[in-house]
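Novice: If you scroll down you'll find the structure; I have some questions about it.
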Amino acid sequence: MGGKNKKHKAPGAAAMRAAVSASRARSAEAGAVGEAQSKKPVARPAPAVPTGAREPRVKQGPKIYSFNSANDSGGSANLDKSILKVVINNKLEQRIIGVINEHKKQNSDRGAISGRLSAKKLQDLYMALQAFSFKTKDIEDAMTNTLLHGGDLHSALDWLCLNLSDDALPEGFSQEFEEQQPKSRPKFQSVQIQATLSPPQQTKTKRQEEDPKIKPKKEETTVEVNMKEWILRYAEQQDEEEKGEGSKGLEEEEKFDPNQRYLNLAARLLDAKEQAAAFKLEKNKQGQKEAQEKIRKFQREMETLEDHPIFNPAIKISHQQNEKKKPAPATEAESALNLNLFEKSAAATEEEKGKKKEPHDVRNFDYTARSWTGKSPKQFLIDWVRKNLPKSPNPSFEKVAVGRYWKCRVRVVRSEDDVLVVCPTILTEDGMQAQHLGATLALYRLVKGQSVHQLLPPTYRDVWLEWSDEEKKREELNKMETNKPRDLFIAKLLNKLKQQQQQQQQQRPESEKGGSEDPEESWENLVSDEDLAALSLEPTSAEDLAPVRSLFRRLQSTPKYQRLLKERQQLPVFKHRDSIVETLKRHRVVVVAGETGSGKSTQVPHFLLEDLLLDECGARKCNIVCTQPRRISAVSLATRVCEELGCESGPGGRNSLCGYQIRMESRASESTRLLYCTTGVLLRKLQEDGLLADVSHVIVDEVHERSVQSDFLLVILKEILQKRSDLHLILMSATVDSDKFSTYFTHCPILRISGRSYPVEVFHLEDIVEETGFVLEKDSEYCQKFLEEEEEITINVTSKAGGVKKYQEYIPVQSGASPELNPFYQKYSSRTQHAILYMNPHKINLDLILELLVYLDKSPQFRNIEGAVLIFLPGLAHIQQLYDLLSSDRRFYSERYQVIALHSVLSTQDQAAAFMFPPPGVRKIVLATNIAETGITIPDVVFVIDTGRTKENKYHESSQMSSLVETFVSKASALQRQGRAGRVRDGFCFRLYTRERFEGFLDYSVPEILRVPLEELCLHIMKCDLGSPEDFLSKALDPPQLQVISNAMNLLRKIGACEPNEPKLTPLGQHLAALPVNVKIGKMLIFGAIFGCLEPVATLAAVMTEKSPFITPIGRKDEADLAKSSLAVADSDHLTIYNAYLGWKKAQQEGGFRSEISYCQRNFLNRTSLLTLEDVKQELMKLVKAAGFSSSPSWEGRKGPQTLSFQDIALLKAVLAAGLYDSVGKIMCTKSVDVTEKLACMVETAQGKAQVHPSSVNRDLQTYGWLLYQEKVRYTRVYLRETTLITPFPVLLFGGDIEVQHRERLLSVDGWIYFQAPVKIAVIFKQLRVLIDSVLRKKLENPKMSLENDKILQIITELIKTENN
C-alpha cells in the first residue's frame, strides 16, 4: 500500500530495478519452487526489516569482477587457483554447437518418457526455469525440445544454455565477466537507490497531500515517484503469482523498455484479431473465444503501458475496443482494501463516484462496553505508533462528510520521507466510528500478517477478516489469470507426452524383438572374416557326410597313412582307442586323464573322427572342435593330425579333413570335420551362436592348466549340455586333479592313460655349480646385494649466514644381515656355498646356462650322449636375450649346434624346425616357454634345463590392471618339465634352483580365475547375454569372491563399458569385448585408433603391460636420472618412454646395431625391454585392426620416427586419460620461496594423499593441475608411479560422470573433480560425451565404417589439439 518516497536524481534502469526488487522482496523470501529448491539455488533475499524500523543502509564496498554466481560458492571457486578455468575459442565453440545441433537433427529418436510425469511436475519444472529468469518463449521451447526426448530440468537448462545467444541468457548464466557487489541485490545498485526500498507490506500505498512539516518536492521528483509507482503497479499486475513461490531474477526488469513492449503487444494484438476473424469464418466458437481472450489480455496490458512515465505517445494506436471498454469499477470491498494501489486524489475519486451515483456501503460498527472492555482501534493505533515509531508524531484523523455519513482519512508518518495515508470507502453513521474504522485500516496496513485483529472489538475484527479474505481471493484470481497461458501450455505438452508414451509402449515389443537379432554384419565378423567362417560349420547329415566318408577311405589307402598308422600304434593312448570310443557313445561327458607324451591331444580327436566317418548307421553330425590354450599348440597338432590322415595339402587344404583356427589366421575348408582352435576363438563363436548348433563334439584340452578362459568355457558348456542332448564333451587333462573335473560334471567317467617315459636324473643348482666350476663374481649382475628399497631422508644444511636449507635425498637401505646357509650345503665347496648364498634367485643366470651347455659337451659323462637340449625360459624377452648370447658366443659358432627359438609370435618355419631331428653329430638347443611342458612334445629331448620361472597373469591392486609377471613354477609344473627329458631314453634335468627352494614351491598353480581381474570375463558374460556376472561366475569350478566380481563391474562402469544400473554393455563395452586385452588398455587402443594415433598409443599400452626400459645400475643413480631427464617431455613419464623409444628406432634405422647399442648405453635403456615393447606393440595393433579399427594413414605414413609436436602431445595425453581414468589426482601445489629448493610433488587422490615416486620425471612438479598415474604403491609412504600431467579437456571428454552446476559456473566430474567454466562451455562438454558414444554405436552397427572423415571426431580432435594453444 504505502511505499517509501525518496528523492531520485534521475529515472533509469537502476531505479526500475530498485522499485521492482522492493515489490518482490516478500516473494523472494519464499524461495524458488519445485526442483529449484534443492538443486539450483536462487539468490538469497535480503533479511526482513521489522515493521516500523528503518532499513539499514548497505555499506559501499569495493567492486569485484568475477563470473556472476547465485551464491558464494561460485565466487570462491573463482578465487581458488587450483580450480582450473576451461575456455574454448569463440569460433570453435560456434562450430562445435553446430555439430551438436546437426547431430541432434539427424538422430531425432525420442527417448523413453517417464510414466510418472504429471501436470504438477511439469508446472514445477516450468516455475523452476521461470525462477532462473528465462523468458516464457524460451522456457516453452526448452521443455518441448527436451521432455519429448525423455529429458528433465537439467536437460532443459542444457538446451537453453546451448541454444540461446549469450545476451539472451539470464543473469548468472551469461558467459561474460560481470561486475558485482558483495551481498547486493539487485546488482550495480547505488546506496541512494537501495535506501528507498520499501518493506514488502508497503508496496500498495496511496499518495496523498504532504504534511506541512515535509518540504514540498520538485516536479522532477514527482515524475520520478510516479515512475516508481507505475513500475510497482505493473510488477504487481504481472507477477502476482510469485508471492510465496519464489523470487524472479532481474534480467527482464533491467532491460525493460515500455515502448518496445508496447509495439510487441500491438503486433500480437493484430495477429490475434486476424485469428479471431478466421475462426469466425470457420464458425469455430471455441477458437474464437480463445482469440477474444487473448485480445482482451493484450489490450489491458497496452492500456497499462500507456500510463508509463517514459511511454512515447507517438506510437499509441487507437482501437475501437479500447475506446468503448473501460476497466470495470472496483467493488466496495476492493476499494476498502485499496487494492487498486494507485487511487486518484480524494476529490477526483468523489467526483467519479458522484457521476456514477453508486450506492454507498454504510455500516454500523457500534459496540457496547459490556461486549468489549479492551482498547478502541483509535487508541490502539496511537499506542502502537508511540511504541514502534517513537520519533513520529501521533496519527492524524481527518473526518470527511459524505452526505449524512462519515469516513476518515488517517495519516501516519513513519519517517521523514515515508507517510502512510489511508481512507476507507466504507461509510459510518457517526464520525467516531469513522475514526475507529480508519485506524483499523491503518493497522491492517502497518502490521499485515500479524494477529493484531484479535485485540480489536468484534465489529472491527470482522471487517479486518473481510479485507483479508477479499485480498486472498483477488490474489487467487490474478494468479489464475496470469498463469492461464502457462497452464494451457502444460496441458498441451502433457497431452503430447502421453500420446508419445502410448506409442512407445505399443512399439516396445517389436523393438525388443528386433533388438535380439544380430546386425547383418556384427563386430565378431571383423575379428577375422574368414576365421568365423571356419567355425560356422554347416549342419551335417548322413547324405552330407557321404563325400567326406569317401575322401577318408581314399586317404586310408595312401602309403603315408599306413606308414604313420604304425607310429600311432606305438603311442600309449592307442591301446585305449576302443574304450574311449565306446565310453563316448554311452556318456555325453568324459574326462581323459593322460600323462604328457601319451598322445592324447592328437589321437583322441583322431579316434572320434574315424569312428564318426566309418559309422554308416544313423545320420549323426560330424563337426569336432578341439580347443588349445595356445596358438602354437593348435597349429602343430593340426599339422600332425593332417599328416596322420594322409592329407598332402596340409591343414585346411582342399582335400583335408583337419584344419585349425587361431586369432587372425584360419586354415579350414568345406571338407574340414576336425578343427583345432584356441579357447578364445571358441568363446567368440559362442557370442554369435550361444548353443554351438553346428558342433557335434567339443574337446577341451589341457584343462588342468586352469586358465581363466578354459574355466569360463566349462561353465558355458555345462549349461549348453542341459539344452542340447546331442552335444558331447571330452575334457583332456594331465593326471593332476582330474577327479575335480569329474565331480563338476556330475561324476562323469574318467579314462586314465599312462605315459611312455624313462628315468630322469635330476641336478639342482648346488650340483650344477659344483660340477661346472662356475664362479659368481661380486660385481656380477646376478649377484644379490640385498637391497630392498630407497629411504627418503631430509638433510639440514646450515649456511655461513646462519640460514638452514632442507634437502631431500634417497639412500639405499639394506635388509639386514645376510641369510644363514642351510647345513645341508656344508658338503659342497665354499665356492658353491657362496654362489648359493648370493646368487639372485629372482634373476635368471644366463651366464650359468652358457657354462652348463659347454659342460654338457666337454664332460665325459654327457658328451657322448646324443639328444636335444630343451631350455625352459619365462618369456620371449629371455628367449631373445639368450638366443643373442648364444649367437654371439664363438663357442657356439660351429655347426655342432643348432639353436631354435620356440614361441607363438615367431615364424612357423622356426617352430617347425623344433620338431625335426637334426643331422647326426649336431646338438639341437630349443629355447621355449612353459608351452613345452604339456602343450607340445619335442621327440628327441634328452636334456632339460629348467630355470624354474614362468610368467603368470597377475592382478595389481595398485594399478587396477593385470600383467604378466615373472614367478616361480609349481611343483606339478617342475615335474612336468622334468618328464620331458625321458621320452626316448634315460634323461637328465638340470634345475637352476636349489633343492630347498623346490620343496617350497606350491603343489599346484592357483587357478587363473582366482588371481586375475575379471573385467574381460564380465564383458564376455554380458556380450553373450548370460545374465548377471555375479550369478554366472558362482557356477564356476572355483568361484571367485563376490567382491572381486563387484570390483570388476565397478571398473567397467567407471570406464563406460557397461550401463550403470544393469549388466548391459554400452557401445564402448561391445568393442572392448572384441579385444582380448585389459579393459583399460583396450579403451586406450580404441580411442587411439578412432583419433588416428594407434601406433604411439599401442607403444604406450605395451609399456603398461611390460616393465619400463629405463634401468638404474647400482651406484649410477644420478647419471641414470640425468639421462632420463634429458629425454623427458611434456611432464609425462609415459611420453618420456615413448620419446626414448623414438630415439632408439631412429638410432636403429640410421646407424644399425652399434648405434642402437650406443644409444641404449648412453641413455640407460634396456635393449631387450625395447625389443619386447616393439613386439607387444605390433601384436596390439594387429588386435585392434582385426576388431575393425584402423589407424590414421597420416600418422602411419610418416617417414621414420619424428619428434612429438604440441598437437601430438595434446592428443596422446587425451587418449592416455581415456584409458587410465580414474587413476587421477589433484596436484597440491606448494611453491617454495626459494627457487632452488625442490619439494616433492604431493597429489590428492580420491583415496587420500600420495607422493610422486622419486623415479618419475614429475617428482619436483609444482603447478596447479591434475596428474594421471599408472600405479599406486605403498612403501614407507604411498607413491604414484608413471605419471602424466593433463589438462582439463581430456578429463571432461573421457572422465567419469559429468555434472553441470549451471548457476555456480562449475563443472564436476565424478563429484570431486571441479573446473570453472561458463555454463555454455560446460554443456558443450556434456553433449560431446553423447556424440562420442554415438560414434562408437555407429561403428558397432557398421564395423567397416571409416572414421577418418567423421565430423564429430574431427571437431573433438581439433578441440583437444587447440587447448591452451
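Just so you know, glycine gets a Cβ as well, placed from its N, Cα and C.
Computed from a predicted structure; not experimentally measured.
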Novice: From 89-92, 273-276, 521-524, 701-704, which range did Swiss-Prot mark with motif 'DEAH box'?
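Specialist: When 89-92, 273-276, 521-524, 701-704 are checked in Swiss-Prot, motif 'DEAH box' belongs to 701-704.
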Novice: Between S198, S818, S859, S1028, which does Swiss-Prot record as phosphoserine?
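Specialist: Cross-referencing S198, S818, S859, S1028 with Swiss-Prot, phosphoserine lands on S198.
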Novice: Taking the recorded ATP site as G594, E595, T596, G597, S598, G599, K600, S601, identify the other residues of that chain whose CB atom sits within 8 Å of the mean position of the site's CB atoms, giving them in sequence order.
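Specialist: In sequence order, the nearby non-listed residues are L571, P572, V573, A734, I753, G755, T937.
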Novice: Between G594, G599, which of the binding-site residues has its C-beta surrounded by the fewest other C-beta atoms within 10 Å?
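Specialist: Sparsest of the binding-site residues G594, G599 by Cβ contacts within 10 Å: G599.
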Novice: Return one of helix, strand or coil for S601 (ATP binding site), based on DSSP.
Specialist: helix
Novice: Can you tell me the three-state DSSP label for G594 (ATP binding site)?
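Specialist: Strand, per DSSP.
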Novice: Do any residues at least six apart in sequence from S598 (ATP binding site), in the same chain, have a Cβ closer than 8 Å to its Cβ, and if so which, in order?
Specialist: L571, P572, V573, I753, S754, G755, R756
Novice: Most Cβ neighbours within 10 Å: which of the binding-site residues T596, S601 is it?
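Specialist: Within the set of binding-site residues, the most crowded position is S601.
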Novice: Is it possible to get the count of other C-beta atoms within 10 angstroms of the C-beta of K600 (ATP binding site)?
Specialist: 28
